[in-house]
Amino acid sequence: MAKIVLLVLPLLSLLLPLLFWCVAQAQLAKEFCVADLASSDTPAGYPCKPQAAVTADDFYYRGLGTTGPTVNPFKISLSSAFVTSFPGVNGLGISAARVDFAVGGVVPLHWHPAATELIFVVEGTLSCGFISATSNNRVYTNTLYKGDIMVLPQGQPHFQYNLGNTTAVALSTYSSPNPGVQTLDFALFANNLPSEVLTKVTLLDDLQ
């Protein structure tokens, strides 16, 4: 037995550095995967663009520098840096968005199935909160001022609205290149369920 150990130890001393080198090379090979947007998205993200086709512009995005398109009737403007517009974030577990809130502007109850959100107030004052599914629907809410941040856990319904008399601006980052979004109002009232089914499953009165 002792002879076997003596024979194996030198062999391991030769193989372990090789193993570590292989692991390091595999990690380097996966340091980024710029999205090939001509292909279809998958649960694991977009396929990688061929390395020879990757350019510096894939890692650069200017879309958050100005106010985005208006989202009615919520009195907000939204611009996003998700993988579909910023292919460099593919596979990196990060993305971002900018929201401009007019006076009275609101981001209604919604949730991101695939990401936690970290919101940072650039200008103005916001009310921000989320409803916890694991704490008997307890609401966690805060007033956020310029420079404040708040974390909104993945999958939890959350909201923001402008508390001030001037425009507010917020920048959000997400723990996914494609966080997804489901808005409660749209899920309930912009679906194709028959009214009688919607009434039954929501316990809401039929408005007809």
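Each Cβ is built from the backbone N, Cα and C atoms, and glycine gets one as well.
Please treat TrEMBL annotations as automatic predictions, because they have not gone through curation.
The Cβ neighbour count for E117 (Mn(2+) binding site), using a 10 Å radius and every protein chain shown, is 22. According to TrEMBL, the Mn(2+) binding site annotation covers H110, H112, E117, H158.
According to TrEMBL, the oxalate binding site annotation covers H112, E117.
Per TrEMBL, the feature disulfide bond maps to C33-C48. Sequence-distant neighbours of C48 (disulfide bond) (same chain, 6+ apart, CB under 8 A from its CB) are C33, V34, A35, D36, N90, G91.
Taken from TrEMBL, the feature domain 'Cupin type-1' covers 62-208.
Among the features that TrEMBL reports, signal peptide is placed at 1-26.
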8 Å Cβ shell about H110, H112, E117, H158 centroid, Mn(2+) site members excluded: W111, A115, F130, L152, Q156, P157, P179, V181
Cβ packing number for H158 (Mn(2+) binding site), 10 Å threshold: 23
Of C33, H110, H112 (the recorded positions), the residue whose Cβ has the fewest other Cβ atoms within 10 Å: H110
